[in-house]
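Have a look at the structure below before the remarks.
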Amino acid sequence: MPKPPVSPGTSFGSTLFAPISASLRPAILCLSALVASAGASFADDASDLVARGRYLATAADCAACHTAPHGGTPFAGGYGIDTPLGKIFSTNITPSKQDGIGNYSEEDFSRAVREGVAKDGSHLYPAMPYTAYAKITDDDMKALYAYFMNEVKPDDHKPQKTELPFPFSIRTSMAVWNLLFLDKTRFQPNPAKSAEWNRGAYLADALEHCATCHTPRNAFMAEDASQALAGGSVGSWYAPNITSDKHAGIGGWSDDQLIQYFKTGNVPGKAQAAGPMAEAVENSLQHLSDNDLKAIVTYLKDVPAIGSAEKTSRADLGKASAVVEASLRGLPGQSPEENGYHIFSGSCAACHQVEGQGNDHYPSLFHNTATGEDRPDNLVSTILYGLHRKVGDHVAFMPAFGADASYTDRLSDKDIADVSNYVLTNYGNPSVKVTVADVARIRDGGEKPLIVKLAPLAAPAAIAAAVIVLAVIVWLLSRRRRSRPALG
């Protein structure tokens with residue numbers, strides 16, 4: 001039988017399979033559509049995962065600590081965190097393969113975030129709140145990894161190295177600390193509570209890591225779980241009680257007031273966020289959804305109340321007070337009261353007003369938690385370090401009067417003590433008195449825990465222990481020689 005003719009430009013293969021291709025064309029087209037649809041679906045899933053990771057990173061407030069101030073690249077590290085141990089500098093967590101986490105597998109990433117151990121095996125300090133992040137679920141950890149690896153831009157910035165004094169410079173000691181104080185249990189919903197409550201608990205306890213600041217710490221700087229959210233020191237600042245207690249905590253706040261505070265950092269007649277809380281509002285809380293903010297409020301309002309000796313809410317203390325200027329004007333200002341008044345009149349009254357009532361841009365000094373607290377840390381810290389809080393296009397600002405102030409505005413410890421006492425006496429909690437030593441302590445980073453106070457003894461103790469061990473070895477060797485029988 002003669003072969004069928006092959007037209008010019010047509011290959012033998014295409015002719016051979018032409019009938020088959022024609023018969024399968026609908027199936028092939030259908031398969032192609034399915035493949036394309038699956039590819040698009042996969043891309044959508046990956047995009048959704050990255051978007052969820054972005055939101056989770058915002059909720060976890062990663063940018064606040066991992067971005068250097070004054071225009072640092074997001075997540076490239078270099079932010080100095082003042083701790084009782086010394087200044088700890090945040091690391092680069094961009095996907096840079098040279099200086100960041102670009103070589104981290106998802107397992108490496110999870111171990112660093114939830115256990116405080118870097119890819120090279122070195123231990124992180126718990127200034128990185130991995131004790132809270134340990135509760136993050138596996139699905140959310142996967143989303144966080146996808147976000148940092150696929151959307152964050154790599155940056156080869158090498159942050160300043162953390163150099164703490166001995167013995168805290170020995171990072172391997174954190175392995176023992178983790179063994180004692182790190183709970184690796186993932187978040188477990190409480191079946192007896194609502195979905196909203198559980199969402200709030202997860203956000204507050206894991207991602208937002210509220211307890212890291214708002215829970216007091218023991219002698220080894222681990223959180224005291226029996227006093228959860230009852231208030232704790234954060235360097236020079238004090239994170240107040242946020243349990244449901246009506247006087248010491250937030251039990252006297254309405255849900256709307258708490259949501260407003262999370263969104264803006266400002267609730268007139270209650271509180272204004274400054275220091276680390278201002279950073280949390282600026283970088284994290286204001287960006288959360290209304291449903292998530294409501295969930296956090298639902299959870300916090302249900303946290304068991306932990307009271308104190310306070311019988312009046314810190315936000316209810318104080319009243320407008322107008323000092324008769326004629327009685328003080330022109331005096332040399334040598335007494336603490338006179339000096340405090342002169343500083344207030346010259347540096348504070350223009351914004352906060354003579355009666356301390358504030359205005360549309362500056363808060364009242366009475367009915368203000370900073371002046372109503374039973375301790376002066378936040379008032380003194382605000383004077384020392386000022387305030388900067390950006391919410392949307394609005395910036396709340398107060399200049400610093402401490403070391404960062406201009407020479408003409410800089411106040412001494414005595415000046416700050418005097419003006420603090422003036423403000424407390426006239427507008428806030430008059431039972432609180434500020435000494436020069438208090439200001440010096442707060443300027444130096446706050447009260448030092450026992451482990452830090454004992455640190456200077458660590459080196460002499462180590463030397464003494466080594467000498468004792470050496471002496472025991474020498475004694476044992478000499479005893480063995482004496483007990484050995486003589487030859488001959």
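Cβ from N, Cα, C; glycine included.
The signal peptide annotation in TrEMBL covers 1-43.
For the domain 'Cytochrome c' (48-152), the model's average pLDDT works out to 96. What TrEMBL records for 48-152 (among others) is domain 'Cytochrome c'.
Secondary structure at Cys65 (heme c 1 binding site), as computed by DSSP, is helix. As annotated by TrEMBL, heme c 1 binding site applies to Cys62, Cys65, His66.
Across the domain 'Cytochrome c' (195-304), DSSP helix (H, G, I), strand (E, B) and coil residues number 54 helix, 12 strand, 44 coil. Feature annotation from TrEMBL assigns domain 'Cytochrome c' to 195-304 (among others).
Residues or ranges marked as heme c 2 binding site in TrEMBL: Cys210, Cys213, His214. All chains included, 23 other C-beta atoms sit within 10 angstroms of the C-beta of Cys210 (heme c 2 binding site).
Taken from TrEMBL, the feature domain 'Cytochrome c' applies to 335-427 (among others).
Taken from TrEMBL, the feature heme c 3 binding site covers Cys348, Cys351, His352. Sequence-distant neighbours of Cys348 (heme c 3 binding site) (same chain, six or more apart, CB under 8 Å from its CB) are Val419, Val423, listed in sequence order.
If you look up TrEMBL, you'll see 457-477 marked as transmembrane segment.
Cα of His66 (heme c 1 binding site) to Cα of Cys213 (heme c 2 binding site): a span of 17 Å.
Cys351 (heme c 3 binding site) carries a helical DSSP state (H, G or I). Between the CA atoms of Cys210 (heme c 2 binding site) and Cys62 (heme c 1 binding site) there is a gap of 14 Å, rounded to the nearest whole number.
A gap of 14 Å separates the Cα atoms of Cys65 (heme c 1 binding site) and Cys213 (heme c 2 binding site). Comparing Cys62 (heme c 1 binding site) with Cys213 (heme c 2 binding site), their Cα atoms are 15 Å apart once rounded.
Taking the C-alpha positions, the distance from Cys213 (heme c 2 binding site) to Cys351 (heme c 3 binding site) comes to 30 Å. Separation of the C-alpha atoms of Cys351 (heme c 3 binding site) and His214 (heme c 2 binding site): 30 Å, rounded to the nearest whole number.
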